[in-house]
Structures are given as C-alpha cells and as structure tokens.
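S.K.: Have a look at the structure that comes next, please.
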Amino acid sequence: MTPEHLPTEQYEAQLAEKVARLQSMMAPFSGLVPEVFRSPVSHYRMRAEFRLWHDGDDLYHIMFDQQTKSRIRVDTFPAASQLINTLMKAMIAGVRDNHALRHKLFQMDYLTTLSNQAVVSLLYHKKLDEEWREAATALRDALRAQGLNVHLIGRATKTKIELDQDYIDERLPVAGKEMIYRQVENSFTQPNAAMNIQMLEWALEVTKDSKGDLLELYCGNGNFSLALARNFNRVLATEIAKPSVAAAQYNIAANHIDNVQIIRMAAEEFTQAMNGVREFNRLQGIDLKGYQCETIFVDPPRSGLDSETEKMVQAYPRILYISCNPETLCKNLETLSQTHTVSRLALFDQFPYTHHMECGVLLTAR
C-alpha cells in the first residue's frame, strides 16, 4: 500500500486475516466468532495530516515511509474523504504562489465530516501577523466561492488564529435517529465515520435491554454516551480534556438529551472518588451514590485500563469495552475474566489495509 494507492482488491483477504488474528487472541477468554463490521474500501478517513515539501517553486503534501523514512509525494489520498482530496488540491493551488501563506509553512491538518464541513489547520515555523490573516481570509473566501464549507486556522508556537471557528458539526444517522456531534480541531474524533456509525449501533444493540444507569470513562465529545443515553435511565460520563468536555456539553444540548452528566476528571481520579479515597470540588452537587450504574462503558487509550480501574470496573454487572488495541484488551481480560465472561465480541475494521484492529466486547458478571 502507498498513500496514493489502496489495494482494494485485497480488502477481503486483509479483513479475513484480522478476524482470524482476533479470534486467536481471544481464544483464552472466549470461543465466540467475532461479529464483523466492514469499512468502505476507500475514502473512509475523515481526518488526515500531511507535511509540506517546498521544492523550488513547487509545493506539495508529503508523508514518510514507515520503514525507510523516505518522503513520498502525495497529491491524492484515496484513504481520505472525497472532501479532503478536493481540499488538498485547492489548498496547494491557493498557497503555492502566496508568500504570506507559504513562507515557513510545514504542515496541513484536515478534519472533515459526512455533512461536508471542513477545518484546515496550517502549521508554521514563524510568527503569524496581520498580513497572514488577510491572506488566509482571502483564501477562505475563495474556497467558499468554490462551494467548499471550510474554516481555516493558523498555528505557530504559542499561537492559534481562528478566522471563524475551530470546530465543525457532524451529523450521523444512528439506529434511525440523527445525532449531532461537534468536533473540535486538534481534539480526538473517530477517524472513520462509517465505522463509527456501526460501532454506535452495535453498542446500542448489545445494551438494548439495560436496566439502571450507565457510567462511561474517557467519553471524549460524548460520542458513545449520547447515543447510548436512550438505553439507560441516566448516564454519568468522565473526560479530562477541556475542549472535549465543552464539545460534549454542546452535543448534549444540540441533541436535546436531558439524562447525561459529564464530569471533567481523569478515570483514575474518578476511581478514587468512587472508592471514597479523595473528595473533589468538581463533584460538588453530584450525588454519585444516587446513580444505580449496572453497566460501565470504557473506551480507553491504546495503553488499556490501569490496574486500579480494572478493579473498579469489576464491580459492575456489565462491562462494555471498546478497544483500539486488542493486545492491551487481552491483558485487561486476564483480570476481568476472573469475574466476568465475554458474551459478545465484535471486530470493527476502523483502519483497513493496516495491522490495526478495533474491537468491542460485552462482559457479564459470572
């Protein structure tokens, strides 16, 4: 695979290899055959980052070969959304001959939505001034005149210039209901929107007969907690990143959801609060004991759950675990399987043509 060529004819084979690998990894904990969710074979990534290469008068996007570290010119990127591909051409055309925009530019980051909105961030090794702002505003207006719904952001050391805003609003059809998600530049969002829809619908399906409340750790912009709110009396969710918490609060209001409470704190801190080890001012006015959480949802970073959080989640009758790293999932399952059994297993092909796997498990108490 190269940045400009996807081996789409190999999609089925690479997916079958992942299914076999996941089943083998999960064998000590479950004999289940994974439920498999396929990705679109191209144009599935909603975000992408590229370095810029200045080659005389020419300017183009590049990526680096992971093995050789050699640079690869990238004029089209079929893994990315059609909108990113359109913007890649338009941005190069708009920047190449403009000194204020091109000088010391070293990277462009693209974030797009299925609703055809985009944020493009331009990263510089220089101070950004009024000349840059005027040139960027003219470029933005020219792009919009071409029918592109785009926002531009300039970044340099300790500097961030938003011409309008640093977010876009995604609209996803999830189990018969449109969900609105504000996505903030430079914050985590699910990269494969089509796969995200399938993950949300799978999570809804496996929790459809839930009782009581839901606790979610690492909720981000509320991606899962807001979709799952319809299956629970109440949802209590934690997140540490300020921009993600602000986006989650917006998303709660935009989706007219009244049974979700977001707390800004780390999972480790929340564990301490639940266990009565520490008190936190951020929890004033929130009656943790009043929640009847029968289900806990975790979508941890690649490192998985720490040992204290492992112990904490074992106290819940049902654990819904979405993992972007099956190796750390299996490490966590060595502990969790002492008290819970795997009742559902899913493979989400979030990153086609790579070795990366995303998977989901539902664990029920023995």
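Keep in mind that glycine also has a Cβ here, set from the backbone N, Cα and C atoms.
Here Swiss-Prot flags Gln190, Tyr218, Asn223, Glu239, Asp299 as S-adenosyl-L-methionine binding site. The active site, nucleophile annotation in Swiss-Prot covers Cys324. Annotated active site, proton acceptor per Swiss-Prot: Glu358, in sequence order, evidence recorded as sequence analysis.
In terms of burial and nearby residues, how do these features look in this structure?
M.R.: DSSP assigns Asp299 (S-adenosyl-L-methionine binding site) to coil in the three-state reduction, outside any helix or strand.
Within 10 Å of the C-beta of Cys324 (active site, nucleophile) we count 18 further C-beta atoms, all protein chains included.
Over all protein chains present, the Cβ of Glu358 (active site, proton acceptor) has 24 other Cβ atoms lying within 10 Å.
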S.K.: Just to be sure I understand: of Gln190, Tyr218, Asn223, Glu239, Cys324, which recorded positions have a C-alpha no more than 10 angstroms from the C-alpha of Glu358 (active site, proton acceptor)?
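M.R.: The recorded positions passing the 10 Å Cα test are Cys324.
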S.K.: Taking only same-chain residues 6+ apart in sequence, whose CB is under 8 Å from that of Tyr218 (S-adenosyl-L-methionine binding site), what do you get?
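M.R.: In sequence order, Thr238, Glu239, Ala267, Val298, Asp299, Pro300, Pro301 meet the Cβ cut-off.
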S.K.: When you average the Cβ positions of Gln190, Tyr218, Asn223, Glu239, Asp299 for the S-adenosyl-L-methionine site, which other residues in that chain have a Cβ within 8 Å of that mean position?
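M.R.: Along the chain, the qualifying residues are Phe188, Glu216, Cys219, Gly220, Asn221, Gly222, Phe224, Ser244.
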S.K.: Inside 10 Å of the Cβ of Asp299 (S-adenosyl-L-methionine binding site), count up the other Cβ atoms and send me the figure.
M.R.: 22
S.K.: Roughly how many Å lie between the Cα atoms of Cys324 (active site, nucleophile) and Gln190 (S-adenosyl-L-methionine binding site), rounded to a whole value?
M.R.: 11
S.K.: Can you name the residues of this chain that are 6 or more positions from Asn223 (S-adenosyl-L-methionine binding site) yet have a C-beta less than 8 Å from its C-beta?
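M.R.: Expected: Tyr181, Thr189, Gln190, Asn196, Leu200.
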